[in-house]
Amino acid sequence: MDPNLRKSHPLLKMINNSLIDLPTPSNISAWWNFGSLLGTCLATQIITGLLLAMHYTADTTVAFSSVAHTCRNVQYGWLIRNLHANGASFFFICIYLHIGRGFYYGSYLYQETWNTGVVLLLTLMATAFVGYVLPWGQMSFWGATVITNLFSAIPYIGQTLVEWAWGGFSVDNPTLTGFFALHFLLPFLIAGLTLIHLTLLHESGSNNPLGIVSNCDKIPFHPYFSTKDLLGFIIMLTPLMTLALFSPNLLGDPKNFTPANPLVTPPHIKPEWYFLFAYAILRSIPNQLGGVLALTASVLVLFLSPFLHKSKQRTMTFRPLSQILFWTLVANLLILTWVGSQPVEHPFIIIGQLASLTYFTILLILFPLIGALEYKMLNY
């Protein structure tokens, strides 16, 4: 009898073990869909991005016009651009939900998988930031100026770093060229990191909502979860297409329709909505170096999650106090996002400072405390 090709061919065997015959816990819920949705987002962004790059010119004099040309004169250029811009928003929605799921169900205890995931998040944030600069509108220019200037807070080498990032003494043509090169390159790095992330995940197998070992109850990925993922794709792509076709500029900033002008500073510089929580934390500290450290810590704190797990139960499924704390953290992040979009004035300053303090308190102090307390309560 001939051997089954998908099980014997060296390349097909890898695909088979990752996507077809992969043993998967039978009880994983829809929260486990976001990994495949992120893969879909990445593929969509790379394809639309390549098509946009064919018509884009990374030069300060014509960058803005080349984007307008793509939307007006290229076949379906408007649709490709709208899908790419709004696809980034969906990418971040999916990654935040994916991280939230990992946090709620204790997936961070697969330490290598979790750490590569955090590196993926940081790379995605860098990619989105350099991408936002490319249309060379007012917000693009001033966003680039403000965020790259943060490096100047680093003692001793700060100013040198900033000038190196700018490629000169201000944000200008070398900056735009460099950012375009990075924006083209980083998605492929993300794709490579994704493969590492998946390889490490398949070493341990997926976690599940109960947080218990599920080796005795696993089913093949295909057809059960491939079908479930297909439904997830449809559920995600429908609102993405709706947004791109009916209200493409809903999540953007109107000021980015004005070409970049170094002589006119916008009254309120703010990043895209998915960075607002971190921006609010940055602004909540009056000192520049302190703000930069808090901004960095707001994301890097995720690396500490495995060490701050003090409960004997893996997931929060049966831990009501931790659940309350988790949803308080979610509400707190929404407050930070809202505050980040507001001008720097009373009462937003104090709200931002309180929300930033709460964010770090919940993650670094309350979660370990409550985890240990719940374990103690179980023993009584």
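Using N, Cα and C of the backbone, Cβ positions are placed for all residues, glycine too.
The transmembrane segment annotation in Swiss-Prot covers 34-54 (among others) and is backed by similarity to another entry.
Annotation source Swiss-Prot lists transmembrane segment at 78-99 (among others).
A 10 Å cutoff on Cβ-Cβ distances gives His84 (heme b b562 binding site) a total of 19 other Cβ atoms nearby, all chains included. Here Swiss-Prot flags His84, His183 as heme b b562 binding site, drawing on similarity to another entry.
Look at Swiss-Prot and you will find His98, His197 tagged as heme b b566 binding site. In the three-state DSSP assignment, the secondary structure recorded for His197 (heme b b566 binding site) is helix.
Among the features that Swiss-Prot reports, transmembrane segment is placed at 114-134 (among others). Panel annotation: around the transmembrane segment (114-134), residues 56, 58, 63, 67, 88, 91-92, 95, 98-99, 102, 107-108, 140-141, 143-144, 147, 175-176, 179-180, 182-183, 186-187, 189-190, 193-194, 196-197, 200, 271-272, 274-275, 299-300, 302-303, 305-306 of the same chain, lying at least six beyond its termini, place a Cβ under 8 Å from a Cβ of the stretch.
Residues or ranges marked as transmembrane segment by Swiss-Prot on the basis of similarity to another entry: 179-199 (among others).
Other Cβ atoms within 10 Å of the Cβ of His202 (ubiquinone binding site), summed over all protein chains shown, number 14. The ubiquinone binding site feature in Swiss-Prot is assigned to His202; the stated evidence is similarity to another entry.
Annotated transmembrane segment per Swiss-Prot: 227-247 (among others), in sequence order.
The transmembrane segment annotation in Swiss-Prot covers 289-309 (among others).
For 321-341 (among others), the entry in Swiss-Prot reads transmembrane segment. Long-range contacts of the transmembrane segment (321-341) within its own chain (CB-CB distance under 8 A, at least 6 residues past either end) are made by residues 100, 103-104, 270-271, 273, 275-281, 283, 311, 348, 351-352, 355-356, 358-359, 362-363, 366-367, 370-371, 373-374.
Sequence annotations record features per position, and here Swiss-Prot assigns transmembrane segment to 348-368 (among others) based on similarity to another entry.
Non-local contacts of His98 (heme b b566 binding site) by the CB criterion (under 8 A, 6+ apart in sequence, same chain) comprise Phe34, Gly35, Leu38, Gly117. Distant neighbours of the transmembrane segment (348-368): 280-281, 283-285, 294, 297-298, 301, 304, 308-310, 322, 325, 328-329, 332-333, 335-336, 339-340, 342; these residues of the same chain sit at least 6 beyond its ends, with a Cβ under 8 Å from one of its Cβ atoms. Just so you know, the Cβ of His197 (heme b b566 binding site) picks up 21 other Cβ atoms within 10 Å once every protein chain is counted. Contact counts against the transmembrane segment (179-199), taken as Cβ pairs under 8 Å, peak for 34-54 among the stretches 34-54, 78-99, 227-247. Below 8 angstroms of C-beta separation, residues 31, 34-35, 37-38, 41-42, 44-45, 48-49, 51-52, 67, 70-72, 117, 120-121, 124, 128, 131, 236, 239-241, 243-245, 248, 251-252, 272-274, 302 of the same chain, each at least six residues beyond the ends of the transmembrane segment (78-99), sit close to that stretch. In sequence order, Gly49, Thr127, Val130, Gly131, Leu134 constitute the residues six or more apart from His183 (heme b b562 binding site) in its chain with CB-CB distances below 8 Å.
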